[in-house]
Amino acid sequence: MPEQFSVAEFLAVTAEDLSSPAGAAAFAAKMPRYRGAALAREEILEGDQAILQRIKKAVRAIHSSGLGHVENEEQYREAVESLGNSHLSQNSHELSTGFLNLAVFTREVAALFKNLIQNLNNIVSFPLDSLMKGQLRDGRQDSKKQLEKAWKDYEAKMAKLEKERDRARVTGGIPGEVAQDMQRERRIFQLHMCEYLLKAGESQMKQGPDFLQSLIKFFHAQHNFFQDGWKAAQSLFPFIEKLAASVHALHQAQEDELQKLTQLRDSLRGTLQLESREEHLSRKNSGCGYSIHQHQGNKQFGTEKVGFLYKKSDGIRRVWQKRKCGVKYGCLTISHSTINRPPVKLTLLTCQVRPNPEEKKCFDLVTHNRTYHFQAEDEHECEAWVSVLQNSKDEALSSAFLGEPSAGPGSWGSAGHDGEPHDLTKLLIAEVKSRPGNSQCCDCGAADPTWLSTNLGVLTCIQCSGVHRELGVRFSRMQSLTLDLLGPSELLLALNMGNTSFNEVMEAQLPSHGGPKPSAESDMGTRRDYIMAKYVEHRFARRCTPEPQRLWTAICNRDLLSVLEAFANGQDFGQPLPGPDAQAPEELVLHLAVKVANQASLPLVDFIIQNGGHLDAKAADGNTALHYAALYNQPDCLKLLLKGRALVGTVNEAGETALDIARKKHHKECEELLEQAQAGTFAFPLHVDYSWVISTEPGSDSEEDEEEKRCLLKLPAQAHWASGRLDISNKTYETVASLGAATPQGESEDCPPPLPVKNSSRTLVQGCARHASGDRSEVSSLSSEAPETPESLGSPASSSSLMSPLEPGDPSQAPPNSEEGLREPPGTSRPSLTSGTTPSEMYLPVRFSSESTRSYRRGARSPEDGPSARQPLPRRNVPVGITEGDGSRTGSLPASSVQLLQD
């Protein structure tokens, strides 16, 4: 830092320069020092300005919290005063006097504190506001610029004169005096230096003595606050001493009364033998029978909870054992002491929850064959568990009643809205199991693994899952596909990872033979050593130098495996990534993933969130990933962040929360989600808007198996498969299509789709995991328009719409061949409709009964299948209703043109 100088020194040297020519040389020699000192002073002033900005922010926070404290004290005073009035109405004068006097004292102290907070705002906050205004700083900056300009002019003139002097020496001339020739430039520098020192001195005075004087005034206000509070306490102190003595005497008197009442109760019990009768009733009620009046739970505790309870064992010793328990979807799971044993799963619909009236921390759960005795940590925790159990039971009971199938026509299934997540979860779990490598354990190769690491997306066996649980949730979060109740969002990563893809990265350096990888018969010690090396040390992972630029590219390209490779090589997801060029600003990993996210990159965002994505890390502008999700309208990323417990109330540099940004940008869905999270009503499990791609395997044994795979997912009531004039009912092998007027149906009734034609294409199930608010994808329905011309019926789009539920026109969907499509033999006449005749009156519906229709296989046939088994069924000269893939046009074909699929 350049050497500092005093204003007095500058005044003395400048005065000497003005008074005598000899002082010009002295001032010229000190000009560089003066310039450097001015720059240093400006830097100090800027630093003080930043500190004052922090003080201003803290003072504002103290002022707002102080006002809140005053409001809470006022509510406390009102409650104490109400209690005193209550005792006064009961003629308890000593107690009422104590409560009322303490309420008055609280009011005085609250008034003093409120005055102190207002003084803080007036004495400290207002001067800070004037200091933070940019007028002083702008004037100082202008003076500094003028000073810099004068210095540059002086240097330029000095260089020019030096050249002239050198030229005069060469030519033999007489060089002039530099000090005299530079007098004007020197005077200009002195002028601007004076102006800058004036501005800087004014700023220093306001930031130093003036602000300190304000703090001294606030100190006096604090001194008065404590003095007045001490005086108020001293005036009440004699009364408090007398009150304490009288309250002690009153307590002793009431205790004597209670003791006498206890003795009287015991004597009455002995006389009337009430103890034996109560024991008899207790034994009777503690059996397997159910009480008529069920305990009602507190709805504030919700329907889901995970934690630890003490369960009384059934052995001879009957000791309390600590067990992990969880309530979800109307079921209670109780873990064992050994992690390899699957937990006990109890359906709450067949259970009854009974609080223990004597032990407030205990409650009983009565099932059909035994009674479980539980104990919580305290009474409040016990109340929470009892309420959650009862609420979950009530919710399951309501879902069961609402999901009953109606007796009227057109009803389909019993799930409705309640069954959609469960059906989708079953379908997604089957898809996860069919991923490459998921038929074997990711670590030991055991067959049929059923334990999922939700943050890594891999399947393991029950033995390896025990070691994963020992690692902790930081490395692996294990859930059971069969015992735990998973939501679609928890299967998001597993659907896009798989054991094979994961091990291609995490076991790339593993020797193919003789390596440390365990087998299905290995002991727990071998498994533990290998899993620690694989998941904690990343010893066998594919090696590469962590490059932030490569991770940036992987996130922008939605490359999940490249992100996994960076994670395996120790890339810190909390460090900012440089942009693709030097001009682009740096981005945090999670911020960038949320910013560029789309529907296909949700698994990548979920992976970063669950594996060290630093949910609450702030960017340079103070925005967290939650702010980015609200700013760029990413509601699905917002759901994943809220599932990861991101903080909702964090503010950025502008003082805005994520909810404020969503409101300002008019992103309604993000705003609703953040409001639910802020109010504590955010619903689990999550339903993200993701294209769930579910494959139908070509190895089905029968049409029933294939139909079960295709129709497992039930559609909501809003999506009707039957249009206004087309009535379709669907059974396993029976399709009835009537083009006449259908029976009117309510909006809540669902009609199933016609039986889809069997092929090995992939079925796209989209939008089934949306939020329960009704934001669901449209489902193509059969139109109610009149039949189209024969040309429209023979179009490829019409044929493909019968072959697959995918949208027509997709390049990946080739038209069916002559054996698979619908075709009409030459010479087949199509009857025309006369006026006033509907298709339902002219043609009978086509019925494919299960008795007359054989099951066909799409896989390879056995050699025993003879030609006789391949004879097609006889055709009937009746039409079959068809529709375009988008539901815009309908038509009919005679049954003679319909051929069953042949291999």
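The backbone N, Cα and C atoms fix where each Cβ goes, and this holds for glycine too.
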*If Swiss-Prot is the reference, give me the range from 248-275, 332-359, 416-443, 724-751 marked as coiled coil.*
248-275
*Choose the correct range: of 77-108, 141-172, 685-716, which one does Swiss-Prot annotate as coiled coil? Give that range.*
141-172
_At a C-beta cut-off of under 8 Å, are there same-chain residues at least 6 beyond the coiled coil (248-275) that contact it? List them, or none._
94-95
_Below 8 angstroms Cβ to Cβ, which residues of this chain, lying six or more residues outside the coiled coil (141-172), approach it?_
31, 35, 38, 42, 178, 181-182, 185-186, 188-189, 191-193, 195-196, 198-199
*Within the repeat 'ANK 1' (585-617), how many residues are helix, strand or coil going by DSSP?*
19 helix, 1 strand, 13 coil
*Residues of the parent chain within Cβ reach of the repeat 'ANK 1' (585-617), under 8 Å, 6 or more residues beyond its termini*: 454-457, 477, 489, 492-493, 495-497, 551-552, 555-556, 558-560, 563-564, 567, 572-579, 623-626, 628-629, 632, 634, 636-637, 640-641, 643-647, 650, 688-691
*What mean pLDDT score does the repeat 'ANK 1' (585-617) have in the model?*
85
